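Taking it in order: structure first as structure tokens, then the write-up.
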Amino acid sequence: MFSVLLELPEFEVVNQEIFDTHYFVHIEKKADEERCTCCGFYSSSVHDRRTKKVRDLSILNKPLFLNVIIKRYRCQNCEEVFSAPFESIAAHQRYTNRFRQFIYEQVLGTTIQDISQKHQIAYSTVERIFYSIAQEKADEHENVIQKTQEVQDITLSLDEVAVRKGQRYETVLYDANLGAVMGMHQDRDYTSTLELLRLKVIHPERVKNVVVDMWDPFHKAIRTAFPDAQIIVDKYHVVQKVTQALDQVRKKIPGLKKARFHLLRSYENVKEKNRSRLNELLETHDNLAYGYFLKELFRDFYKSTDYAIADQLLSEWIQLAWSSPFESFHEVAKTIENWRPQIMQYFHTPFTNGRTEGTNHKIKNIKRRAYGYRNTQRFKTRVFLECTGQTYKKQMS
């Protein structure tokens, strides 16, 4: 039975023991001769046999342990004693290669502690298995990105993630075409951002577009690293600024705390049962209606398909925002005027950070799941492996 279930063709089953809590199977390599690791001469003279206990994949929900009988040969040419190597068990390992891969896949999306308890394996063992494979996968990840960027134009996305809200940020660099994380760097100032760009982008001459928010140090670093690239201010960040301006208007009107989500959603996304309440609020509060009109009008601006029309709509919107009685909209109008060329670039090259925002949430969850990472490199490795887009996965396959 076990010779079939094991599916380890290099071994034959010598004996098997069944216990209440686990299976214990004695196996030996089928080969009758091995190549000397010293001189390369094939030898069939067995010097002695030793055993090693190895963990393998569970069978019928019970742990399976293999008692591997290791033949040691004496070379008939150089007299050296050597051990037979195995395809399915790496040297000096106490688990099969497939069990190692299984544990790695189990840890993805959860914690090492969870898998340690689930499979009754020491935490340090699970940790060692996971990160040994994880680093291999991360290296593959980086190689695929670099090879892809050698032959096609590059669109980058640069964003920040608050790994400790209000206190510490990570700057995250993405390949927007592949939907893959390229690298991360602590802080979001000019120096650290420039260092990240120069370290991770091997072919700066191929960078054509960079999508980014309105954080000035990011723009300065991009201009230094890629002087010929087009900078596109992410439309979702701009819309967010306008939406926040409306929220400031709402906060100045008493009794509208529960109306926040109705007001901040686009009108077409407000559920039918809530629209009557929204319409009632807008009819009752003129200032609120004015701010809501500005918010919805700005969303319409981004729906334009023609650059000239979009440019005209933006000019009209800025005038309306300045003529409004709201300081919050005055501030947004000023910000939009300052970043207007980069905002309008979206209508030439319509890239956004929409996909990266979802990845940012994953990054926060990874951090939260393990209650923070003391080892920064391991945190970054996790991010590389778990925050990979479907386009990148197709390249890997």
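Cβ atoms here come from the backbone N, Cα and C positions, even for glycine.
Automatic prediction, not curation, is the source of TrEMBL annotations.
In TrEMBL this protein carries:
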- 34-78: domain 'Transposase IS204/IS1001/IS1096/IS1165 zinc-finger' (DOMAIN)
- 87-133: domain 'Transposase IS204/IS1001/IS1096/IS1165 helix-turn-helix' (DOMAIN)
- 156-383: domain 'Transposase IS204/IS1001/IS1096/IS1165 DDE' (DOMAIN)
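Residue counts for the domain 'Transposase IS204/IS1001/IS1096/IS1165 zinc-finger' (34-78) under DSSP, helix first, then strand, then coil, are 0 helix, 31 strand, 14 coil. Across the range of the domain 'Transposase IS204/IS1001/IS1096/IS1165 helix-turn-helix' (87-133), the DSSP-based residue counts are 29 helix, 1 strand, 17 coil. Taking the domain 'Transposase IS204/IS1001/IS1096/IS1165 DDE' (156-383) as a whole, pLDDT averages 89 in the prediction.
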